[in-house]
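Right, one structure below, let's go through it.
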Amino acid sequence: MSFIEYFISALFLQAGYNSALVAVGAGLLGLSAGSAGAFIFLRKRALVSDAISHATLPGVGLAFMIMVAFGSDGRWLPGLIIGSAVSSAIGLLMVEWITRKTRLTEDAAIGAVLSVFFGFGIVLLTVIQTMSSGRQAGLENFLLGSTAGMLISEAMTIAIAGALAAAFVFMLRRPMTLVAFDPEYAATTGVNVRNIDLAMMGLALIVTVIGLKIVGLILIVALLIIPPVTARFWTNQVGPMIGIAAGVGGLSGYIGAVLSAAEASLPTGPIIVLIAFGFFLVSALFSPLRGGLASALRHQRFQRRVHRRQGLLSLARREPIYDGLTLRILRRSGMIRRDGVATARGRVAAQKAARDEARWAVARRMLPDDSAIERYDGLTPIERMMTPDQIDEIDRIIAARNGAKA
Amino acid sequence: MIDDLITALGAEFVQLSLSPIVIGILAAVACALPGNFLLLRRQALIGDAISHVVLPGIVGAFLVTGTITAVPMMLGAGVAAIIAVVMIEIVKRLGRVEPGAAMGLVFTTLFAAGVLFLEVTDTSSVHIDVQHALLGNLESLIWFDAEGWGSLFDPAALATLPPQLPRLAIVLVGIGLFILLFWKELKISTFDAAFAEAIGIRTRLLSFALVVATAIAAVAAFDAVGSIIVIAMFVCPPASARLMTNQLGRQVGWSVVFAVISAVLGYVFAGYGPGWFGSPYAVSAAGMIATISGIILILTCLFGPQRKRTGQRAEA
Amino acid sequence: MSNAKLVAESGKIVDVAAKDAPLTVRGLTVSYGNKPAVFSVDASIPAGSMTAIIGPNGAGKSTFLKGALGVVPRLSGEVRIFGKLFAEARDRVAYVPQRASVDWDFPARVIDVVLMGLYGSVGLFRLWRSRHREQAMDCLERVGMADFADRQIGQLSGGQQQRVFLARALAQNAEFYLLDEPFAGVDAATERAIVSVLKELKAEGRTVVCVHHDLSTVPEYFDRVLLINVRRIAEGPVETTFTAENLQETYGGRLAATHIDELHLA
């Protein structure tokens, strides 16, 4: 069977029970990681999960050693998961403790915890390598993840845990949304912000430990970060953002697991991360809402409008224009001649801009409390903000004042 | 006891342990120095990001040159570090996301790409592997031709020192000079960037130079000691030092002291510690050095004379 | 603005009357995202004056200052400082950012911060020497903080921090001082101390511009005002420009009429 055929059959879960289970598990993992990550992202604590994931390593090592001491072969996945959960919880508490008790900031605490726990974990791994039963432990696979040779029971564990985590996110979505959006308001409505924060981090922890086997502890943090960053490009609302993040995470996990099942040389974790990055890249460039192309175009248009408006006002006031870009824009739109003198069209447009400006000045005096006027950005034509009779009223005031002056 | 010490520091020590210890010290100090400024600029995790992208850098260099010699590898890693920093900046601006998320996105992606390239290209003939990049290989950097302390004065023996040692020494001198010569500028722009900009300090250029210095330290150090020590040394000694004093100069001094202690104790415990428990094997020196730096940090968090925050943080 | 008096200077045209003015701004626009924080503002600060920049919160007062000094990028506009580009007149200007913009937990003593103001007189690759220290002490003396020279900056009160910032600016020995909210959140004694230093500066013929938010003290402290609410509302001497009508236009409904009545308006 060719790679493509295998990929397609695996994509539709027809390539064998085991790889189907792995794919579903990875999909569920991505789903819960994406949605949990969205809350953490909104809370601006994305890299706390990096500390959590690196802090799993000593737990994996210690759990292995303890299980061996009790006579098992030490590779029982639920045992390793529990061990990693305990040590990453300790790491998380250390981050909190350092930031609360000392003057160090959270980024320093994260960096310290992740490197020290990871270093200690490596020390334990080298100890395990010297144990007679540890030579074939394969614990290094937890660094980068691997689905090759995964047991059905392990795939089952991951799929069930992934489903549980997804359910957990679904249950807590309302209070977590509140806290992520506005913690102070959430507190006034009786939500215990600290507990919800802990629950969020707990979710990250769960996602991390169940993702260890598939994605590995160095890259699992990507599944918590990339989907929400991607989702942010498409929406300004919390609800849809969480949904999109979950979708991106789920798809990345699913497609990545299928791809690496189809081609054994492709390591699962990196493939999943790169697929997620692909989603990010497309969104970052092409999203009409906040994508790079759309933003760049919008900014350029905005800058041109500002220069055009300022240029026209200068023309109306018979002030010289120095700015090169302003001159170019006016020249190109036929407002001024090559030598900088206003054309007939330019004079009309300049007069209109000046009249607009005078009308706005009066409007501000007339309606000082009006929120529409406070929002004035200096560019919007007054016709778009005021009714014709309001404008007539403004013009009457201007005429009266000019009459008084004359 | 004294006899034990003399034996312990005898010819065998010079041959097997002296050069790894010196390399460990050089690497630790080279990372801790720029780490001080990263810490105060809330960029402690830049070191984390940079050390993750070292792997894709060396893989990229291998794909381009087809060889695995030191110079292209270090260049590749340096280029990857700069690409990563630029990408982080772009993601931050484009996505308007917090620096942490931008960093996490970039370094995981680059790391994933590095691992993937490593797996799909045929690198079996050469020795690059993920573990090596993560853990380094400090224990193997022994000085074959040393016959005792006298070899320190023997040019022929000195020429056979592991090349990592002179390389790191040069990097350390370079970073030390950079910090010394631009002390004023680094200090002012770290404290008050807007003021620094107004008095004519090129703050962006300086930030970039600091990141480049960080990248050079990371690249030179990882080859000898792996990325774990690199991350730990960027963060832990400066963080511990911050809790000891309220003056920048003294903070940098303390960070050097802590880096040296971590390197020496870490190496000694890793090499000789298991023997004290009757095990014939050694454990990872890189891991142990990181662990010691963490223990120092915990101690300073508990007892450091200046551990409590006094001034308010900057708004936004 | 009179257009007749224009001459070419180094390829650009500047107003003769304002040629040597400490600050001339034409059409300054600065935007965050696609919303202008400051839109097409003109301003001209004459030498030896003491000007308050006033306007409601979020009206772009600080942004105007930062845009004028190039600390934030400009979308459009021309700025001249003593008739030159800022980069060429840098050593004649002292800028005091908002106190809250820096991390006061930074490991430095009071004297270290003041020494930063002497940056220009210390050579490249050199460090501060004892003569710099003496100069810095003189500046601390002027703001009444000499006894605090070796204190860790994190231990200072808000007012003391502001005095340290002012001392740093004094160390620059500039002709033109731009201060961003120097009176925000400071105690009454500090406010008096800062005002007296600023008045000394003016008496020495230097120019002072402050972003200011306390309308009640404007006539007492300043001789000119620049009213900004995204755009320039008015600029001129306090006597003719600090009027109820201009304030109403600047602040809109946010300034109650009764409040305006309490001000000592022209």
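Cβ atoms here come from the backbone N, Cα and C positions, even for glycine.
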Expected hit for transmembrane segment in TrEMBL across B:70-88, B:165-183 is B:165-183
With pairs 6 or more apart in sequence, are the transmembrane segment (B:204-222) and the transmembrane segment (B:282-303) linked by at least 3 Cβ pairs under 8 Å? no
Taking the transmembrane segment (B:45-64) as reference, the highest number of CB pairs under 8 angstroms among B:13-33, B:100-118, B:252-270, B:282-303 goes to B:100-118
Counting only pairs 6 or more apart in sequence, are there at least 3 Cβ pairs under 8 Å between the transmembrane segment (B:252-270) and the transmembrane segment (B:282-303)? yes
The answer for the transmembrane segment (B:100-118), taking Cβ pairs under 8 Å and residues 6+ beyond its ends, is 45-46, 48-50, 52-53, 55-60, 63, 80, 83-84, 87-89, 91-92, 128-130
